[in-house]
Structure formats: structure tokens, C-alpha cells
Amino acid sequence: MTEHAIKYRLIKKEKHTGARLGEIITPHGTFPTPMFMPVGTQATVKTMSPEELKTLGSGIILSNTYHLWLRPGDELVAEAGGLHKFMNWDQPILTDSGGFQVYSLVQNKKNITEEGVKFKSHLDGRELFLNPEKAISIQNNLGSDIMMSFDECPPFYQPYDYVKASVERTSRWAERGLNAHRRPNDQGLFGIVQGAGFEDLRRQSARDLTSMDFAGYSIGGLAVGESHKEMNAVLDFTTPMLPEDKPRYLMGVGAPDSLIDGVIRGVDMFDCVLPTRIARNGTLMTHFGRVNIRNAKYEHDFTPLDPMCDCYTCTNYTRAYLRHLIKADETFGLRLCSYHNLHFLVNLMKDVRGAIMDDNLLEFREDFCERYGYNQPNAKDF
């Protein structure tokens, strides 16, 4: 068994659910779990400085392999001393494998072969090729603490035979990536469990990957068009297949109820572009549901955005001012809204950790969802 660069320490299990309180130890520090990870696609979390991210308590951020490979280039990042030095972030960084972006750019399934994937750059249309070895090489150059295996992420509603072939290929790719990994002493590599909504294929994927001794395991192929109920069902049968002594990461999930429901089912780590993406449209998450700050009813509203929030935005600025900034397309408005949404999710996870410690996570979920509006007949999900 390898001595992994990433270690998981279980602190406590919640009595009534599968939730677990723990911490993940990395070469750039330790962060508590469950944790929401802000996404810094281009080596920056949009509109936020590293200092602000530390202030709001995000102990780890995510960056995107595909985007950094194309621009500025992984070799330039390596020349700068790695991603941490390049972006002046001295805490843990996770990089994805680029697979998710690649599959959104593939024009024909025939371009996905055993060797890898052919696709066109979203920047200039030139033809590119990515495979397991290249994805690992890029991430070794970036120097992230946690890396992802190159996987195929099929849409949720695909025929069984297609998903089965995809799972088997992803397992072979995972082994190739593990063999190509040059820095196991200071970078932990995660395997990604796929299988859409098919329990036997998820089991096959988990069995294949857990036999390979990765540093941790991701659950992929969710938040790709399936319902909330379907996601929970997949988590119900998938997380118990994963080792208890390693981190579990649910990829691409950031809606508040999905975060809580993932934790209930034993997930430790989550990421999503949701908080910053919706902030740019003036949509804000509050303890009382979502707010579209562009709405005319906030024009003369001189109260804080969220009376239960103590973030910089809510303690200093009013709804009327935020509405004005967003309507005027002012950069400061994007910053204030992004800061609030990130603070909201990072602190939601802090509250969730407290609820696990107190063994009352189900009551916490009920109170939160009722206040947020999820339990109303017309409640809207993000």
C-alpha cells in the first residue's frame, strides 16, 4: 500500500445518518470536512482575492486542468513554481482532470477511443487530444494537492450498454493514470466512480477503483441533468461501496439541499461554480431562500441582504445598494454578491459540521429547508 500524500482522519460519525465529521491532511495544510470548495477555474475564484477566500473560511479551492492547460499552459505554471506560488494561495488546491470540459466539447462519440479523446478548443477551435497520461502530466506540472483521474462522464440518461462500456474504459484509464503519476509523495490522486443511475455499474466501478489504492474517491456523473431524488438514490448505494478511511468527493454539486443530503449520505467534499455564477446575475442565497436582487421590490429596501448572515456584504451594505450596483453592471456589485454566496455555502457547511457534532443533522436539515423554501409546493431548486 502506498503512503499517500493525502490522509483522511475521521473525528465522529453522526448517530442518525451516514454523515461524518473529519479532516483531510494535505501538503499545504489541513481542512475540516464536510467542506464546500469554491471553484477557481482559471487559477482565480471569479472577483475574489485569495485573502478574501481565507477570511470567509474556504480551506481548499478547486482549479481546472483543461483551462489552465490551454491558458497560460501547465509548463508556465510549473516554471512559476506551481499553482500555489503562481496564484499566491498557500492552502490546499484540488484540480479536476479536464474530462468534464472535454466531453462538453466532443462533437462525435467516435472521438472517444481507448487511447483518449479528440476535441476542439473552446478558445480557437484547434483540434486537441487528451488522454489519462496527459491529464496526469498536466496536473503534476500544476502541483495541486489533490488530483483527479481522467474519466469519461456520460450524461445520466444513456443506454445501459453505453454506460457499461464507459465504466470499463474509465477503470482502464484510471489504472493508466495511476501508473503515469510522477509525484505520489506530494500529490494525492483520486479515482472517479461512474455508472450513471445503474447500481450494478456503480458497484463495478467502485470495485475496480478501490482495488487500485487511490488516495481518495470521487463520485462523478451526477448533477448532469438527473433529479434531486435520483441523485440521492445513487448516493444511497454508492457511498457505502467506498472505503471509510479515505475522502469521498461529490463532484459539481452546490445547491444547499444537495450539499446537506450528500453529507447525510457520507460525502466529505463538494464543489460547484454555482455561488459565483448566479451572483453575476444578481441571484443570492439567503437563509430565507433565494433573492433576485434585480427585482424592483428591492429598489427602496435599505435592510441587509440576509439578517442571519454576518458576512462583509450583509454587515455593510443594503439590498437597495446591491440592486443599484448589479443594475449598473458595477464590478463591486459582482464582488459583493460573489462574496456573500461563497460565505453562505462555506458557512452552511460549518453549521452542518456543528450539527454532526451535536447528532441533530436531520433536525438541522428540516429547519434549514423549511426556512429556505424547499418544502413549499412551489419551491424552486437552483
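Backbone N, Cα and C atoms are what each Cβ position is placed from, and that goes for glycine too.
Listed features, source Swiss-Prot:
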- Asp96: active site, proton acceptor (ACT_SITE)
- Asp271: active site, nucleophile (ACT_SITE)
- Asp96, Ser97, Gly98, Gly99, Phe100, Asp151, Gln194, Gly221: substrate binding site (BINDING)
- Cys309, Cys311, Cys314, His340: Zn(2+) binding site (BINDING)
- 252-258: region 'RNA binding' (REGION)
- 276-280: region 'RNA binding' (REGION)
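Features per Swiss-Prot, on structure.
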residue: Asp96; record: active site, proton acceptor; Cβ contacts under 8 Å, 6 or more apart: Leu62, Asn64, Thr65, Tyr66, Met148, Met251
residue: Gly98; record: substrate binding site; Cβ contacts under 8 Å, 6 or more apart: Asn64, Thr65, Tyr66, Trp69, Leu130, Ala135, Ile138, Phe150
residue: Gly99; record: substrate binding site; Cβ contacts under 8 Å, 6 or more apart: Leu130, Ala135, Met148, Phe150, Asp151, Glu152, Cys153, Ile192
residue: Phe100; record: substrate binding site; Cβ contacts under 8 Å, 6 or more apart: Cys153, Met251, Gly252
residue: Gln194; record: substrate binding site; Cβ contacts under 8 Å, 6 or more apart: Asp151, Glu152, Cys153, Pro154, Val163, Ser166, Val167, Thr170, Leu201, Arg202, Ser205, Gly220, Gly221
residue: Asp271; record: active site, nucleophile; Cβ contacts under 8 Å, 6 or more apart: Phe36, Met37, Pro38, Val39, Leu62, Leu94, Tyr249, Met251, Gly252, Val253, Gly254
residue: Cys311; record: Zn(2+) binding site; Cβ contacts under 8 Å, 6 or more apart: Leu56, Tyr339, His340, His343, Phe344, Asn347
residue: Cys314; record: Zn(2+) binding site; Cβ contacts under 8 Å, 6 or more apart: Pro304, Leu305, Asp306, Pro307, His340
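For the region 'RNA binding' (276-280), the model's pLDDT averages out at 97. When the region 'RNA binding' (252-258) is classified with DSSP, helix, strand and coil residues number 3 helix, 0 strand, 4 coil. Its own atom aside, the Cβ of Asp151 (substrate binding site) has 31 Cβ atoms within 10 angstroms in the protein chains shown. Cys309 (Zn(2+) binding site) sits 35 Å from Ser97 (substrate binding site), taking the C-alpha atoms as the reference points. Sequence-distant neighbours of the region 'RNA binding' (276-280) (same chain, 6+ residues past either end, Cβ-Cβ under 8 Å): 38-39, 45-48, 334, 337-338, 340-342, 382. What surrounds the Zn(2+) site, by Cβ distance within 8 Å of the Cβ centroid and not counting Cys309, Cys311, Cys314, His340, is the set Pro304, Leu305, Asp306, Asp310, Tyr312, Thr313, Thr315, Tyr339, His343, Phe344 from the same chain. In sequence order, Val102, Tyr103, Met148, Ser149, Phe150, Glu152, Cys153, Ile192, Gly220, Met251 are the residues of the same chain, not among Asp96, Ser97, Gly98, Gly99, Phe100, Asp151, Gln194, Gly221, whose CB sits within 8 A of the CB centroid for the substrate site. Residue density at Ser97 (substrate binding site): 30 other Cβ atoms are found within 10 A of its Cβ, drawing on all protein chains shown.
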